[in-house]
Amino acid sequence: MAQEAMEYNVDEQLEHRVAEQPVPAEVVSTQGGPPPLQPLPTEVVSSQGAPPLLQPAPAEGTSSQVGPHLLQPAAQLSVDLTEEVELLGEDRVENINPGASEEHRQPSRVNRPIPVSSLDSMNSFISGLQRLHGMLEFLRPPSDHNVGPVRSRRRRGSASRRSRTVGSQRTDSARSRAPLDAYFQVSRTQPHLPSMSQDSETRNPVSEDLQVSSSSSSDSESSAEYEEVVVQAEDTRAVVSEEQGGTAAEQEVTCVGGGETLPKQSPQKTNPLLPSVSKDDEEGDTCTICFEHWTNAGDHRLSALRCGHLFGYKCISKWLKGQARKCPQCNKKAKHSDIVVLYARTLRALDTSEHERMKSSLLKEQMLRKQAELESAQCRLQLQVLTDECSKLHSRVQDLQKLTVQHRDQISQSPSGSQARSLNCLPSSQNQRKYHFQKTFTVSPTGNCRIMTYCDALSCLVVSQPSPQASFLPGFGVKMLSTANMKSSQYVPMHGKQIRGLAFSSRSKGLLLSASLDSTVKLTSLETNTVVQTYNAGRPVWSCCWCLDESNHIYAGLVNGSILVYDLRNTSSHIQELVPQKARCPLVSLSYIPRAASAAFPYGGVLAGTLENASFWELKMGFSHWPHVLPMEPGGCVDFQTESSTRHCLVTYRPDKNHNTLRSVLMEMSYKLNDAGEPVCSCRPVQTFLGGPTCKLLTKSAIFQNPENDGSILVCTGDEASNSALLWDAGSGSLLQELQADQPVLDICPFEANHSSCLATLTEKMVHIYRWE
């Protein structure tokens, strides 16, 4: 009876444990799959001398290899599981000494006989475990997946409660292990499946300690307890491989009321063998003081100094609070107030090489386009100029053809007959009107006045003079004298040395051309009293004039007899240089004769007179010049003046050994055709006017139309001996009037003012105004 009761108790206890035992743990797959079925919790007994037993490893996958399957730890694998098991409501799992457990189980297997019914139930239980093992092997992850140790921690409510229940736990543990001891005794009689190699067992020994304990009903009301099962590999090589590069997966499984389990996977540790971030990527994220990443908020946020270098705010603040108040990178002086917080997460240097290359290409293309547009505009302007010149030349050819037909038979071959006819063509002034003195202007108290000219557009007389404040503003300029109210105006500074030539443009209002001994030619606007253009001739300039056929060109006579031609559109230098044909003497006078002004002389050009001779530079097509040397007496020339309407010129000679007095010779310009059909320009004397016996100054004369507009010509010359200006009738050669002055007359200028004809004479200090009445 006692034996049957024992068999019944064993069978009933085993069936009860199989039927009512809750699933102790849930295997959480590291790959995120569904949890597999788990075997019942069993006690694994490690024996050093016995062969390895069939052991179901809780929450551990097995290796999927060809051949019979074994419930044993996989080679070179470390499986970590967390289990929280409730055995019959009050059982607890606790790590105990494996030696004590072995001593407690050995008497149980030896002294207690196992009934046949218990063996049948054990066999069915083993077959179920084998089927479960096959399922676990199917769900096991690959063998190359490294899994680290997993710890399930259990926290006891109090240390005193464990000490009180030690005795009862050992008793209950002995009773609860009786069926399991019978199971392991029977399993020794079963045929063993081939196990893995001894080498794998040596490399991966598994030591598991399990102790089942129960407590009284009063302990069930205490706080929740957490269990910790630590599965660690004892092999040194496994530990080394785990420390070098294995990824440790730590899983915690917590039992929730009702038998449900919630997986909780801890974050994986960083693998040190992964490729690190390159230094180039970290340059924009790292503080150069602490070599840590700066942040976009907090104490270590991105900051910059005035020099532009970047640091963490906390680091650079500490740095500047120390003794070295300089930038850590460039050693520039800095202070705490120079710190500027930058609202940027990271910094990256943008590669703009392609952009800069495209930008330079764009600038080059724009420059080429502007250059092409400028060339196109210049070509259009040249086309317009050539078109106008072509039309002018066409009209000129027609006029010349008409004049040639009309005057071909009238050209005389005898100079004497031509002179007689020229004298007869100049009518004499028969009326009794003459010039009356009106006013005197003191230009310069210190003297040194030299030349004057008149501007019709501004109704003013312009006189050259030295600076009135030579100590503050040295040099020479002009003074404007208004002919409307007969009052002097302001002084306009222009040159550094004495002015030798003045001329107004007939097309530009108030634009004055001046030549000076300071080797410059200047254009001055008298409307704004400013110099608008300066040309450096390189040598002292003695005379100047405007081109009446081409308003954009001017002439400048140099001290060596050369003539420089300037284009106002070219502000750099002259465009032509006309070299003298004979002696290199200063050009004392330049006068321009326009084209087709007279039937007797239709050619245009500039008349240049030096101290030795005179030349006429004919203006050809393409703005080229052809020289014609005029037949004149050699030496002694002091002035050349022209009258454009009648083509007459006035030449003044000094007294010489053949002539005792000053002479002013009126000449007529003429031409004849050579064998090649080219014109040869010349001049012949018409009338001679005599003056005083002295001529020390380079005085200027004047030739102009009679104010009566009767076609007669008047000539006015200066006489140094009498300090006066002599007025002559060009037709009769008679002296009409003598205009007295206090000093020798240096220049003479006729002009029209207030519907009256006036004449101005210039001495070294004053200007005398005479009116025709």
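Indices start at 1 and increase along the chain as displayed.
Any Cβ shown, glycine's included, is placed from N, Cα and C.
Going by Swiss-Prot, these are the annotated features:
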- 361-403: coiled coil (COILED)
- 50-59: compositional bias 'Low complexity' (COMPBIAS)
- 151-164: compositional bias 'Basic residues' (COMPBIAS)
- 186-205: compositional bias 'Polar residues' (COMPBIAS)
- 207-221: compositional bias 'Low complexity' (COMPBIAS)
- 263-273: compositional bias 'Polar residues' (COMPBIAS)
- 18-67: region 'Disordered' (REGION)
- 92-117: region 'Disordered' (REGION)
- 139-230: region 'Disordered' (REGION)
- 259-279: region 'Disordered' (REGION)
- 494-536: repeat 'WD 1' (REPEAT)
- 538-576: repeat 'WD 2' (REPEAT)
- 582-627: repeat 'WD 3' (REPEAT)
- 287-331: zinc finger (ZN_FING)
Cβ-Cβ under 8 Å with the coiled coil (361-403): same-chain residues at least 6 beyond its ends: 595-596, 599, 602, 621
The zinc finger (287-331), counted residue by residue under DSSP: helix, strand, coil: 9 helix, 10 strand, 26 coil
Secondary structure composition of the repeat 'WD 3' (582-627) [DSSP: H/G/I, E/B, coil]: 0 helix, 22 strand, 24 coil
Across the zinc finger (287-331), average pLDDT on the 0 to 100 scale: 89
